[in-house]
Amino acid sequence: MNLHTNECDSNPCQNNGTCYDLIDDYNCTCVPGYEGKNCENQTNECDSNPCQNNGTCYDLTDDYNCTCVPGYEGKNCENQTNECDSNPCQNNGTCYDLTDDYNCTCVPGYEGKNCENQTNECDSNPCQNNGTCYDLTDDYNCTCVPGYEGKNCENRKLFP
């Protein structure tokens, strides 16, 4: 008399694994996130190094999470962040995306990280011979004292 023992009667499969009875053995089919003869081991989804560009992987149950370094984003840190998306350049400046940074090229008359400052062309003291400088957008105007003329009051007037 040969009695077959159902190896699955003892519920050997852990973590909701499904048991299949074989002759003198059993086989567990594990749910995602578990592995091993009895589905006793949680799989480590970080073993495959899914995080790119120096991202840090954190293992979860049947999943993982990447923490990206600045300048990268996406499930696997596969996308470079475009810092120009927020339109940081003011006053018609042009934005150029860099890794974890951006650079603004300002139109004439503006300066600063975001082209936020109007340049003062009088800062360089272009007016000579006690001329008075008036700042304009991307230009300046000198008012000369009597006896001088020219863009920068550099020429002495010749009196007839």
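Here the Cβ of each residue, glycine as well, is placed from N, Cα and C on the backbone.
When you check TrEMBL, the disulphide partner of Cys77 from the set Cys68, Cys84 turns out to be Cys68. Only one of Cys30, Cys51 is recorded by TrEMBL as the disulfide partner of Cys39: Cys30. Candidates considered were Cys95, Cys115. The record in TrEMBL pairs Cys106 in a disulfide bond with Cys115. Matching TrEMBL disulfide entries to the candidates Cys133, Cys144 identifies the partner of Cys153 as Cys144. Nonlocal intrachain contacts for the domain 'EGF-like' (80-116), taken as residues 6+ away from its ends with a CB within less than 8 angstroms of a stretch CB, comprise 69-73, 137-139.
Sequence-distant contacts of the domain 'EGF-like' (4-40) (same chain, six or more residues past either end, CB-CB distance under 8 Å): 61-63. Beyond the ends of the domain 'EGF-like' (118-154), by six or more residues, the same chain brings 91, 107-111 to within a C-beta distance below 8 angstroms of the stretch. The residues of the domain 'EGF-like' (42-78), classed with DSSP into helix (H, G, I), strand (E, B) and coil, number 4 helix, 13 strand, 20 coil. Cβ neighbour count for Cys39 (disulfide bond): 22 (other Cβ atoms within 10 Å of its Cβ, all protein chains included).
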